[in-house]
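Everything on this sheet refers to the single structure shown next.
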Amino acid sequence: MTSTSAVQNFEIDYVEMYVDNLEVAAFDWMNKYAFAVVGTERSADHRSVTLRQGPIALVLTEPTSDRHPGATYLQTHGDGVSDIALRTPDVGAAFEAAVRAGVVPIREPMRHPETEPHGPVVTATIGGFGDVVHTLVQRDGTSVSPNAVGHGRGDLDLLGIDHFAVCLNGGDLGPTVAFYERALGFRQIFEEHIVVGAQAMNSTVVRSASGAVTLTLIEPDRSAAPGQIDDFLKEHHGPGVQHIAFTSNDAVRAVQELSRRGVEFLKTPQAYYDMLAERITLETHTLDGLRATNVLADEDHGGQLFQIFTASTHPRHTLFFEIIERQGAGTFGSANIKALYEAVELERTGQSELGAVRR
């Protein structure tokens, strides 16, 4: 029998998003983020396409029947992340351990035909947070994700998914952290109280035992003024994934390439860079390069990190993305976290700087 610690050594297998228009969504990912189509699926109630950029597998699903769960999801939330699939060496054992710990079972373990090319051998589904689930995936004899024969295109070098940022209702942070620790063997690695103007939020980062799956869990501080996390919860109609952070080995070059492809990024106040040289001795990037691309810089005891948020193109502004480069840094720089969410706040309120309304 596989030990509980072994089956909880999760890695990201794929991310599924429900979308209202499959062609439009796939075109956007292909042209802006250099993903390539590596598989398609059609059934009586949905259409799906699997996209790949390097090691990242993204499944886009459009429901074609009201019977499909995606129909209710889209009506409630709009386009968004519906499934963070977790790969494990033993789905049956992982499922049983999670259910014993109080996880809501969605679908019992099911064995798939061995003739299915690049397909999972065994899958099961459990509840996660809000309407987001975790499909547990077992692939005997291989560790590759679905349809791993494809690759991304162009000069973009997305190396993987660094983390998912998850917005939770106020008061749910502690129970959600405990849920992932108890049911899936995740561990706390970082916590932060972030103040942005009159609003504030609490954040705890949990990570799988393998180190391959990281969730940044965020709740609004209910003792402060309502802000961007409250806006997300209102527009998304509940908890969900606010952003996905993609890892790059050169954030400046990635931003330049993505910008060329039409991706827009949040602007960073120039005063940030005026003070940056006093705070950090840059090792791999120049101050001018960071300033030109609006990339933020920070460091921890392990090294430096560079990151930036994209501008949201979601109709409800409830989903965006992040580019992050880690040069030895293993956690999240406190100064960056505040600056990132200040940039979101400037976009949300239409200000040129906090406290000043843009004319």
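Glycine too: its Cβ is placed from the backbone N, Cα and C atoms.
Quick caveat, the model's predicted, so the values are computed rather than measured.
When the candidates His68, His77, His243 are compared with the Fe cation site entry in TrEMBL, which names His163, Glu322, the shared residue is His243. Each of the binding-site residues His163, His243 was scored by the other Cβ atoms within 10 Å of its Cβ; the lowest score goes to His163. All protein chains considered, the CB of Glu322 (Fe cation binding site) has 21 other CB atoms within 10 Å. Report note: the Fe cation site is defined by His163, His243, Glu322, and the residues of the same chain whose CB lies within 8 Å of the CB centroid of those residues, excluding them, are Asp162, Phe164, Ala165, Thr216, Gln242, Ile244, Ala245, Phe246, Phe309, Phe321, Ile324.
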